[in-house]
Amino acid sequence: MPKEKYDPPDPRRIYTIMSAEEVANGKKSHWDELEISGRVRSLSTSLWTLTHLTVLHLSDNNLSRIPPDIAKLHNLVYLDLSSNKLRSLPAELGNVVSLRELLLNNNLLRVLPFELGRLFRLQTLGLKGNPLSQDILSLYQEPDGMRKLLNYMLDNLSVHPEQLPHRPWITLKERDQILPSVSFTVMCYNVLCDKYATRQLYGYCPSWALNWEYRKKGIMDEIISCDADIISLQEVETEQYFTLFMPALEERGYDGFFSPKSRAKIMSDQEKKHVDGCAIFFRTEKFSLVQKHTVEFNQIAMANSEGSEAMLNRVMTKDNIGVSVLLEVHKDFSGAGMKPHHSSEKQLLMVANAHMHWDPEYSDVKLIQTMMFVSELKSIIEKAACRPGSPTPDPNSIPFVLCADLNSLLDSGVVEYLTNGGVADNHKDFKELRYNECLTNFNCNGKNGTPDGRITHGFQLRSAYENNLMPYTNYTFDFKGVIDYIFYSKTHMDVLGILGPLDPQWMMDNNITGCPHPHIPSDHFSLLTQLELHPPLLPIINGVHLPSRR
């Protein structure tokens, strides 16, 4: 796990006492360190109410036990219990995951609770002067012994075989009983590629639960239980697409399309097996593949750099990709009422999937990658919708579903751009870097568009998970937030329902500080929505769109 900067407490423990004048002037006292000394034998229960404490000195006393309530001091980074008479430690001490230093020297400890393995942020563990068992001492005395001991305890900590509670299905709208329509389900899921699932990043997870051979079963169980008509996956390893995902889903009636990140093109066959990418699967009894496309963001950045150093040095160097499939909705699935108003036409559906750059410091890159992808999708849709002799096609003429790990929060420029149809060309997420000339290439009307200071995309999109229906889609120790999305054409579709979040009380009861976890195979939660596709619209008559009828 990346270590944040940690400054140990000052051993001198200097303090100041407020003067009468300071008290009279309303100065507030603040203290977050506490020392208790004087050969104390027991601790007051009121100590466990001081949840603001970050440092607690309890050394050189006569304490024979520490109560489980120690876990209530969830802000502790330093705990000194040295030189007491402790014979055991409460398992609950392992829940104080904020700890950086835990000093247990010179006690009577023979064993340690395996729960201490959860203290993945520890930088110092003092165990000298204890009659510990030989297996503990042997590990502890090895080079990097503290880390090896903690890993051993975490890996051997028993995990209750408790079944994951079902996530609730949230109905948002009843299906239209008057006008004919068709409904289908869409899943979006970042499965956490094996090479990214390291102890350095996920130190709170046992190594066996990070192992791909263990996680892949939970991931496939999640995909199969959702039983979606369309499945969009990110961080799919190339080899796993061909040996796991495609064969397993093909057996269940799916076809699929996959592309790895751009770096795979310059790698050996052996190396490219481990490059991750994006995949889309669709149920063949409901859809047929018409077109498939891969969008390489670094190639588009190079072609549209317009002399911008930021475009070349920041955007072009990232090898993220997006994929899309143009599908035909089967007539026997859509029903007679869903037939297009031109009998020769097909009912088409565009589905796109992308994974944007991860680094929070590169908000400009994420926003431009999103613009490039949407601009390419607009071109694909316009070509597919174009008929000889017809005027310039409307990008909203074909229903569109966008699934993505955008690595961007709800208040980001990326989400604003997708939801509102555009953003200002001086949006703060561009970080005042020189992109203006490049951005016009991705504008709705191209370089000839009105220079109104906005970059627009022309689609009319809405998020399936509006109104904070999901408090987080990515859940790690350091970060919990919404970064995964399903967008859809609001002129063509409605959301009938979505899969809700996991019970937060269950997460709390099971001390799940981050994912992956033995019960949760990825650091992301899947999204699942049911969409209702409306009949195509006939030409406008007297200013009104009339739906096609039988």
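Heads up, the Cβ atoms here are built off N, Cα and C, so glycines get one too.
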Out of GLU235, GLU237, GLU306, which one does Swiss-Prot list together with GLU271, HIS355, PRO360, ASN407, ASN474, PHE479 for substrate?
GLU235
When you measure from the Cβ of ASP405 (Mg(2+) 2 binding site), how many other Cβ atoms are you left with inside 10 Å?
25
For the repeat 'LRR 1' (52-73), DSSP counts of helix, strand and coil?
5 helix, 3 strand, 14 coil
Outside the repeat 'LRR 4' (121-143), six or more residues from its ends: residues with CB under 8 Å to it:
1, 3, 6, 82, 97-112, 149-150, 152, 203
Using a Cβ cut-off under 8 Å, which residues of the same chain at least 6 positions beyond either end of the repeat 'LRR 1' (52-73) come close to it?
9, 13, 32-43, 45, 79-93, 95-96, 103
